[in-house]
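Below you'll find the structure, written out as structure tokens, and then a few comments.
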Amino acid sequence: MSSPAEFYHSLPPITKAYGTVCVLATAAFHLGLYNPIHIALLYERVFYGFQVWRLFTNLFFLGPFSINFGIRLLMILRYGVQLEKGPFDRRTADFLWMMIFGSFALLVLSAIPLLWSPFLAIPLVFMLLYVWSREFPNAQINIYGLVALKAFYLPWAMLALDVIFGSPLIPDLLGIIAGHLYYFLTVLHPLAGGKNILKTPMWVRKLVGRWRIGMQPISRSQAANNPQPESGSGVAFRGRSYRLGG
């Protein structure tokens, strides 16, 4: 059994960095180093008070240490890690871009008064959950040892549980919307014959390459020597086989 230090060092870079900052943000709050109101997403203070840091800091506060905080952190460690080591293996820049796009989408959605949320860390974690559920739709999930269901339905089950336990509905809903928007633009729309309009920008790839974050993508020659198998009714895309239709 690996030690906590070994487990931490084994985590993929983007998931590890995001989870670490979330823990540090909550720890700093409990140490009295700041008041959450100073990092919350308040658009009037962003535009009229030029407090632009609020556009970023709100994305890392999961709330105080609690059972809910632990659940969200475990979601990062499970679903973020499985994504980064699975569909996004050797595609660190693409995973980072997904997180950046998700953050931007959440900021835009939260500008709608009915969808506003002061902290977007929970929606961002829920976006990871939604994307994971689409990448592994047939994985079997057991919720609290009571209900077994396919991963495809997990975001909706978690949303229902949050409502039952009295948690706000909007953060989870924001994450589902942002996750579906990303998945539609990068997978569903291209598979239907459309153009991928959400390709990872070159500046993100250069950033990852410059800082040597994660593993480098597979070269064209390697890909040619290791073609992806395709089934008769499916199509290979983003290093995975997707089945068209039912």
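Note that the numbers count up from 1, one per residue, in the order the chain is shown.
Using N, Cα and C of the backbone, Cβ positions are placed for all residues, glycine too.
TrEMBL annotations: computationally assigned, not manually curated.
Under the heading transmembrane segment, TrEMBL lists 17-43, 55-76, 96-129, 141-161, 173-192.
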Counting Cβ pairs under 8 Å to the transmembrane segment (173-192), which of 55-76, 96-129, 141-161 comes out on top?
96-129
By a Cβ-Cβ criterion of under 8 Å, what residues six or more beyond either terminus of the transmembrane segment (17-43) are in contact with it?
11, 51, 53-55, 57-58, 60-65, 69, 72-73, 76-77, 80, 99, 107, 110-111, 116-121
Positions on the same chain near the transmembrane segment (55-76), where near means CB under 8 A and six or more residues out:
15, 18-19, 21-23, 25-26, 29-30, 36, 39-41, 46, 103, 106-107, 118-122, 124-126, 128-129, 167
